[in-house]
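What TrEMBL records for this protein:
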type	residues	note
ACT_SITE	SER64	active site, phosphoserine intermediate
BINDING	SER64, ASP276, ASP278, ASP280	Mg(2+) binding site
BINDING	GLU370, ALA371, ASN372, ARG496, PRO497, SER498, GLY499, THR500, ARG505	substrate binding site
COILED	380-407	coiled coil
DOMAIN	51-90	domain 'Alpha-D-phosphohexomutase alpha/beta/alpha'
DOMAIN	118-170	domain 'Alpha-D-phosphohexomutase alpha/beta/alpha'
DOMAIN	183-283	domain 'Phosphoacetylglucosamine mutase AMG1'
DOMAIN	297-434	domain 'Phosphoacetylglucosamine mutase AMG1'
DOMAIN	471-523	domain 'Alpha-D-phosphohexomutase C-terminal'
Amino acid sequence: MDLDAITKQSALHAKPDGLTLQYGTAGFRTKAEHLDHVMFRMGLLAVLRSKQTKSTIGVMVTASHNPEEDNGVKLVDPLGEMLAASWEEHATCLANAEEQHLPRVLVDISEKAAVDLHQDAFVVIGRDTRPSSEKLSQSVIDGVTVLGGQFHDYGLLTTPQLHYMVFCRNSEGQYGEASVEGYYQKLSSAFVELTKQAFCSGDDHRTLKVDCANGIGALKLAEMKHYFSQGLSVQLFNDGTRGKLNHLCGADFVKSHQKPPQGIEMKANERCCSFDGDADRIVYYYHDADGQFHLIDGDKIATLISSFLKELLLEIGDGLSLGVVQTAYANGSSTRYLEEVMKVPVYCTKTGVKHLHHKAQEFDIGVYFEANGHGTVLFSKAAETKIKQLAKESEDEKRKAAKMLENVIDLFNQTIGDAISDMLVIEAILALKGLTVQQWDALYTDLPNRQLKVKVADRQVISTTDAERQVVKPPGLQEAINDLVKKYRLSRAFVRPSGTEDIVRVYAEADSQENTDSLAYEVSLAVFQLAGGIGERPQRGF
């Protein structure tokens, strides 16, 4: 490790004084102008991680659903998964080190992680369409090269595509070909194969309007759509030619505001969906005949997919375990429908994709979706092997179901939530089952819910347990929430501290919107009174 060369190169990517950042589930995110030094240092870290794991590591330059002026970076581990927690700490330490301490921190990380500095390193890099992303990607490359790493710059990619590239390279092609073309071929051929026998009630049923958030998803879906055009016609809106990234559009906007994005024309009962800025989230929606907006979020996506998988598993009858993983934010109606109607076991974890992903890996087939539309289906290696064996050897009906499951395996980008692969799976299931968007929506009725925020002097006064559904401290707060919940039908509420700022997030649901709003207000007031609220007291009507 040439520390003098690193010091000289780092001076060209100097850290601003007083800036402190934390690596979390989303990596680093902040205003783009503050990130040059972080990108350079994540290039350095990616090389160390590659040497330690003797594998290809990915670096993705994106800020997902954040505004266009923001940017960010996340590292991708060898199997296409998120960076290991112990290395999140290394990332935070490296990003925040003052210039004069950078060489020492690099040596410390190398020693703590037992990195063989003589080992070769290879890093792959992708970026979204933000104006700042190309320059910041170059800063990553500067970090990789000064530490002697080799790299391949894929340029513009969705976040899930970069995860796919990393996994393909480290599986020596067994997962797929590590190219954009390979990604398109794998997903589209599985979709076409799966939908061959679909019952179709008319051409209009097979058309989908896609809001691409003026992001990278528009470019990639435009390149890909001709591969499956006979089975599905997609019309792209907010494709980046006019609008601003994530501005009044995209999955996060639609989910948060409970209304359609700007820039899309919706007719009654037309299926529409929205990606987020880096195409790893998806939500569906439609207008009914009366013009009322209906959102189909991650809970209903998980319900549709897991119901379909359950039917196929019953057909093959091989005892493979299926589990659905949710967070406390999942609508209570979805949990009840899965457990009581579909007889599918549901498990709850702490908020954050890494917690959901880890739990889903405990099953032969694990389904997880956050309500915001970020999720996927994970198949264990044993389940994958068994399904592929049954697809070759079993009698007709069982073989047919196993073959469909095999196509589903190929359709899912199992390393991370992927809006494009999720969209294709959803469209295949709707076609195979002959379901309209209204029939899908009618599987169950969401309970009204409300999310609020309460400013507090110190968020650390709140600690929780039971997947963040129960408050441990401050004393008396959980008892107060319990008493308030008892006042309303079909109600529940929980509070949890933000991971990044001194606010407490409040979630409530009940049998009516009026009761939900009352419960949310009363719980917010209890938080304000018992957890050191500051500023204006919560008000009715928000």
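Placement of Cβ uses the backbone N, Cα and C atoms for every residue, glycine included.
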Smallest Cα-Cα separation from ASP278 (Mg(2+) binding site) among the recorded positions SER64, PRO497, GLY499 is shown by SER64
Longest inter-residue Cα distance for the substrate binders GLU370, ALA371, ASN372, ARG496, PRO497, SER498, GLY499, THR500, ARG505, rounded to the nearest angstrom, is 20
If you rank the binding-site residues PRO497, GLY499 by how many other Cβ atoms lie within 10 Å of their Cβ, the lowest count goes to GLY499
Averaging the pLDDT values of the coiled coil (380-407) gives 91
Argmin Cα dist to ASP276 (Mg(2+) binding site) over the recorded positions SER64, GLU370, ASN372, PRO497, ARG505 returns SER64
If you measure between the CA atoms of ASN372 (substrate binding site) and SER64 (active site, phosphoserine intermediate) and round to the nearest Å, you get 13
Cα nearest ASP280 (Mg(2+) binding site) among recorded positions (SER64, GLU370, PRO497, GLY499, ARG505) -> SER64
Comparing 51-90, 118-170, 183-283 for Cβ pairs under 8 Å with the domain 'Phosphoacetylglucosamine mutase AMG1' (297-434), the winner is 183-283
Spacing of the two Cα atoms, GLY499 (substrate binding site) and SER64 (active site, phosphoserine intermediate), in whole angstrom, works out to 18
